[in-house]
Every structure is written in structure tokens, then in C-alpha cells.
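I have placed the structure first, in the form of C-alpha cells, so that the comments after it can refer back to it.
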Amino acid sequence: MSSFSSEVQRRRTFAIISHPDAGKTTLTEKLLWFGGAIQVAGEVRGRKAARHATSDWMELEKQRGISVTSSVMQFPYREHMINLLDTPGHDDFSEDTYRTLTAVDSAVMVIDSVNGVEAQTIKLLNVCRMRDTPILTFINKLDRESRAPIELLDEIESTLGMQCAPMTWPIGMGKSFRGVYHLYNDTISFFDPHAEKGTAEIIQGLDNPRLDELIGAQADDLRVDVELVRGASNAFDKQAYLDGKQTPVFFGSAINNFGVQSLLDAVVELSPPPLPRNTASRVVEPTEEKFSGFVFKIQANMDPKHRDRIAFLRICSGRFERGMKIKQVATGKTLSVNNAITFMAQDRTTMDEAYSGDIIGIPNHGTVKLGDTFTEGENLKFIGIPSFAPEYFRRARIKNPMKMKQLQIGLKQLAEEGASQLFRPLLSNDLILGAIGLLQFDVVAHRLEHEYGVDVAFENYDCATARWLRGSDADLKAIADKYGFNVALDGNEEYVYLAPNRVNLQMAQERYPDIEFLETREIF
């Protein structure tokens, strides 16, 4: 195998998905710690302390203890290169998470052992399903009084429609939690919340007398449980996992470091290396020597001192080298990239080289757009995930009219990076924001104030849902003339129908049967 191919095969690019408060940020920190990327795992709960979670760098995140933005963290582990894409953990930030999930080859799903499968988990898993993304599952918080493990597996299977293959099995829970049994190598890891890595001792074999010495009567309970689990659960099938049909399940307690290393080992051993990617014209293989990639996130003003914008680009093929010239397919322009960066949350490092599966940051001043494809010359267009119709709408009202230009620039930039969607009705001067969740409006207001110097208020706007319009020029002109107050342009100058209620939407659809009213639109 060539050195280039071996570099590609070493890559593991994944994201963590979960419902808020299931422990995603804690798990992210502990994975970084086990991987040697950080010396001390930040205590996520200590919101008032000076130290905050490494992956939560925005001021609003520090105040609220949530992961609002997506960041990228790269670290070596067991002769592999891990690319961990942190995703917004709050349920109001799902669309940004959707886009991040287009850039990964696999995902880790975190389930709270107390609450089981929750709403946001279902939404995010459905996005992963669109690409049959392989999923590893980590059932967290076993140090608390939890639901029965078999009940949790049943719920995952019935609610998410995915086979579970337990890889480890817990010994007790809450105050009686003693560790886990590894079903595939017949070892037991004992839990100690005071041990540095959460593990007090590891022994071999269920029949080992040391097991009885350490946990007494729980040893016989474990032997019975394991016999039942082996008989009743699915055996691990790697191909089913890679096809997105089965999820290997691990149990642990991220806050206590327990079970995290087994999960990280599974990412290396089970998760796929960079996968082929679809474009509008052909499939791109990760081992092709020519560079290609797509932008899945734009982040403005990551560092207020720099006042810059960073385009996060997933490399799909080839090798990136500092100073190389790459083509922005949408414009035909060539960029000479001398200052591509990689991230450890807010820490920036200039990158000399990167390979398929890696994420690089390209500094720019608004010339790079969400979904842009870059190549060494070939006219490719990577296709991916749609933008989703917002569920909430607000009208922006500026408090100082002299700042209108700054408001327009700020809203445009924030919409381009995915913080919200921006709509401009044809027959008014209103600036309408659309979001998947209400907290996004708080984030936009906060960033407008602190990054653009604009004090803005958001008013309720009479809109129940939005639909992108697709049809002939004549039909689009006709609906715009008839429903001018409801038809708007989005940030890409595409027609959107803003329906005040479902009845109004239905009437418009019946009146214009040749126009498609779309809940999603392809942005890649």
C-alpha cells in the first residue's frame, strides 16, 4: 500500500449525536483526553468557573453551558488520525448539526441511560439514515440509577428501527455499578470513580475466582445476564454496522472516564476510513490522487480579534499541501491556499498537509459559500443534505436606523454560515429570519450585538411554515404577482412561499399545481 493510501486508511472522521444533556460534551472532552489531545478535561458543569469545555468556545456557549457551534478536533490515536466533529448539542441547533453530519463517515450516538431515546436523537439519526451512516452507540450515566439495559436496547430497536449488538454489558447500575463485561474478548473492567481512567482492574474470564472476590453475589447475576444476552441479542455483524442497519452498543460513564477508551478503540477498529462521495456527475473515491472537497460550514468571526470567516472543508480525495492552488467550481476562480488551518476548538494551527477525511479551515472574506466544491480543476459538484424548512419565524427590528447596513451585512453573513435562514418578502422591506429552534434567535441577536455592533429586536411574524418554489418562470411570476406578500427571496435568491397557516398553503398549492412546494432544498 502506498504511503498516500495508508494515510487515507488511517483516517477516522466522525461526529457525536445526542439529545441535550445526554453527556455529549463530556464524552467529547474525555475522548480528547484519552487521545492525548488535552491535558485536563474541562468540567462542563462548572459554568461559572474560568475553565469551560474545550469544544464550547463562543461566549454565549460559556454562559449557557451548551454547544451552539460546530468545531473540529484532530488528534492521533493508536497509529490512526481521528477527526472528531463536535456538533451543537442543544435541540435548537439541529440544522447546523445536519450539515455537519454530511462531512463524517460515521457517528457515535449517546443515549442517557435514565431517559433513553429522546426527540433530538431521533431527528439526528434520521439525518444519518439519509446516507446510511454507520452508528456506534454509547449508553451513558451508568453511575446513576438507570433503566434496565435490556429495556434500553429494546427501545433503541423499536424507536429507531436499528438492530442493537451489545459489545459490553453493565454490572449493576447507580450505587451498585461495578463495571462492564466485554462480550467479545471475555474480560471484565471494574469501575472505580476515583481511578484516573475510571477503571480499577481488568480480569479475564467469567469463571475467574477474582470476579467473585471483587463483587460477591453480583458475579452470579452477571453470569446469568450474559447467558441471556448471548441468547437473546444480535451478534455483531460488521457489514450490517457499515450499512447503517446495526449499532454496536457500549455502556459506561463518561463523567467518570469509564467505558470511553473502549468506545475510542471501537472507532479505530470498527468505523470505516474515508468513504466514496457522490457528485452530480460521478462518484469520487477517497484514494484518488487529485484533491477535491466541499464546504459544510461557514463560521464568521471565530476570533473577534481576527474578524474573519472560516470555511470548513471536508477533503473527499487527494492530498492538500500548503500553498497549493485549488479551483472554486461555482465561480471558476483559483485560490492559492497558504494559510489553511486545523482546530483544537479555539486554538488554530496552520496546516502543512491533509488527506481524504480531514477537515481544513480556509480563511476568507465572504467569497466562499456553504456547499462550495473545490477541486484541482475538474468541474465536480458534491451533493449532500438539504436545507430544511424553518419551524419558527421572526421579523428583525433595528433599534438604531443608522445601523441598517451593519444589520443587513450581519444577517447575510450569519445566514450564509447557517446560524439562521434569511428571507426578504417581495412586497416589503422586512428582514425575516427562519430557524429550526427558538434559541437560534438569541444566538443571532447576541452575535449581531457583539460582532457587528447592532442592537436588534425580533418580533413575532405571522408565518407557520415555508416552502421553496420550483416551477417555470411564468408560473413563478404568476404566484409572485398573486401572493406577493407571501413570496420571498432566500439568501440564494430562490423563491420561497411563507405560509401564514396550513390552509393558506394548501390553497396556494391547489391554485398552482404545476409549481412544486418543497420542504427541503439541496444546498450542495
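Placement of Cβ uses the backbone N, Cα and C atoms for every residue, glycine included.
Some features that Swiss-Prot has for this protein:
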- 18-25, 86-90, 140-143: GTP binding site (BINDING)
- 9-275: domain 'tr-type G' (DOMAIN)
If we count other C-beta atoms within 10 Å, could you say which of the binding-site residues Ser18, Thr87 has the fewest?
Ser18
Only counting partners 6 or more residues apart, tell me which same-chain residues put their Cβ under 8 Å from the Cβ of Leu142 (GTP binding site).
Ser113, Pro170, Met173, Phe177, Phe251, Gly252, Ser253, Phe258, Gly259
With H, G and I counted as helix, E and B as strand and the rest as coil, say where DSSP puts Lys24 (GTP binding site).
helix
Model confidence over the domain 'tr-type G' (9-275), averaged pLDDT:
87
Sparsest-packed of the listed binding-site residues (Asp21, Lys24) - C-beta count within 10 angstroms:
Asp21
